[in-house]
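Asker: Provided herewith is a single structure, encoded as structure tokens, for subsequent inquiry.
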């Protein structure tokens, strides 16, 4: 089983510019899920990790460089996630590789990533890969997460490691439906300790969640070392168990690093995924 410490994170890496799917480094989701009480395949949430790649390039058959953006949709049911530096190195391996067209690039991306994401599992599946060519760059929008801004609150913050005890909900009053947003989410890379900056949107129905406590809780991730996907699942599970909403979704959009941004979405009820639209900070 791969571990984060075995990855290329924090290490000097050779940049390979010929197609090399072996660069992908999958990490099992299970160990971190067990920490938050999620065991086996019976998960209390649905969702996906929405990735955007801003630095994809390859050569056409005449050697002329091609560039594109890519949106990836990785189901949260995959037993593995992809360590982000290995994802970057893998994408760089297309740089001097001659390929017929974007469709061939898309097919290789889908095949290679699906193999790594389901590696070691009897279950196999696919992922979403959408290549955005130059002719559609002007259709890529910038849009902020909608919802009531928690950051307006003047709260004292003293805890900088996850503190779920800050979460409270009023079960004595009628249930509500709310969408709350904060741009103050910060955590650190699990291996390198480098800062990860994000915005988070929380939609729920149920007993009204105390907003000051929720903001303080989100701020408490500030010195916490964990990957993006793991932070969002921890936030989901803490709210789900402490506040006991009827429905809940947690969606975070993290600023890009190495030409990639990662935007995990987890929800208690199956439904449509949010649009993968970047925010101003991304």
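Glycine is treated like the rest: Cβ placed from N, Cα and C.
Per Swiss-Prot, the features are:
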BINDING   82, 83, 84, 228, 229  substrate binding site
BINDING   84, 85, 257, 258  NADPH binding site
ACT_SITE  189  active site, thioimide intermediate
ACT_SITE  196  active site, proton donor
Asker: Given the recorded positions 196, 257, 258, tell me which ones have a C-alpha lying within 10 Å of the C-alpha of residue 84 (substrate binding site).
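Answerer: Those close enough are 257, 258.
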Asker: Looking only at C-alpha atoms, tell me how far the residue listed as 'active site, thioimide intermediate' is from residue 229 (substrate binding site), rounded to the nearest Å.
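Answerer: For the residue listed as 'active site, thioimide intermediate' versus residue 229 (substrate binding site), the Cα atoms are 11 Å apart.
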Asker: Please list, in sequence order, every residue of the chain apart from 84, 85, 257, 258 whose Cβ lies within 8 Å of the Cβ centroid of the NADPH site.
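Answerer: Nearby residues not in the site list: 87, 88, 259, 260.
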Asker: Are any of 82, 83, 196, 228, 229 (the recorded positions) within 10 Å of residue 257 (NADPH binding site) when you go C-alpha to C-alpha, and if so which?
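Answerer: If one measures from the Cα of residue 257 (NADPH binding site), the recorded positions that come within 10 Å are 196.
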Asker: Restricting to the record's substrate-binding residues (82, 83, 84, 228, 229), give me the longest CA-CA distance in Å as a whole number.
Answerer: 11
Asker: In the structure shown, with every protein chain counted, which of the binding-site residues 85, 228, 257 has the densest set of Cβ atoms within 10 angstroms of its Cβ?
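Answerer: Counting every other Cβ within 10 Å of each candidate, the maximum falls on 228.
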